[in-house]
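Chemist: Quick one: the structure is below, questions incoming.
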Amino acid sequence: MLGLHVGTLISLFLCILLEPIEGSLMQPCQPINQTVSLEKEGCPTCLVIRAPICSGHCVTKEPVFKSPFSTVYQHVCTYRDVRYEMIRLPDCPPWSDPHVTYPVALSCDCSLCNMDTSDCTIESLQPDFCITQRVLTDGDMW
């Protein structure tokens with residue numbers, strides 16, 4: 001019985017001791033500049049730009065006992081304040097609208113994932129993924 005109590009105290013001590021180290025290694029939820037691809041059906045090229053997106057660590061808890069009567073809500077790093085910008089894709093055919101609107105993160109927050117504005121899947125595509133030919137904003141092909 002004493003061994004179990006001492007083991008629990010040691011585990012608790014290590015958690016308290018290592019928590020500041022763990023927190024300092026993880027980036028907080030904040031806007032970061034990221035390579036993002038912009039493409040549209042009907043246009044043959046994918047434009048690659050740098051834009052602020054929300055990224056970082058949000059504290060979450062996974063309950064040990066999962067009750068069928070309670071719901072677990074996981075918080076993710078997502079947009080708090082956002083501005084939308086428009087850019088023109090090159091080489092689009094004359095009958096298609098070459099303009100694409102994309103979000104620019106002004107501030108971020110740890111909150112529930114909004115399926116209307118965010119990709120809430122576990123294994124999503126990277127922000128710079130392109131289906132069509134990639135073109136950098138300075139005109140160089142990838």
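Each Cβ is built from the backbone N, Cα and C atoms, and glycine gets one as well.
Got these off Swiss-Prot a minute ago, pasting:
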type	residues	note
SIGNAL	1-23	signal peptide
DISULFID	C29-C77	disulfide bond
CARBOHYD	N33	N-linked glycosylation site
DISULFID	C43-C92	disulfide bond
DISULFID	C46-C130	disulfide bond
DISULFID	C54-C108	disulfide bond
DISULFID	C58-C110	disulfide bond
DISULFID	C113-C120	disulfide bond
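So where do these features actually land, and what's packed around them?
Modeler: The C-beta environment of C77 (disulfide bond), restricted to residues of the same chain at least 6 apart in sequence and closer than 8 Å, consists of C29, Q30, C54, S55, G56, H57, C58, C108, D109, C110.
Counting every protein chain shown, the Cβ of N33 (N-linked glycosylation site) has 11 other Cβ atoms within 10 Å.
According to DSSP, C92 (disulfide bond) sits in a coil region rather than a helix or strand. Here the Cβ of C92 (disulfide bond) has 17 other Cβ atoms within 10 Å, regardless of which shown protein chain they belong to.
Look at C120 (disulfide bond): DSSP puts it in coil.
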Chemist: Taking the Cβ of C54 (disulfide bond) as the centre, how many other Cβ atoms fall within a 10 Å radius?
Modeler: 23
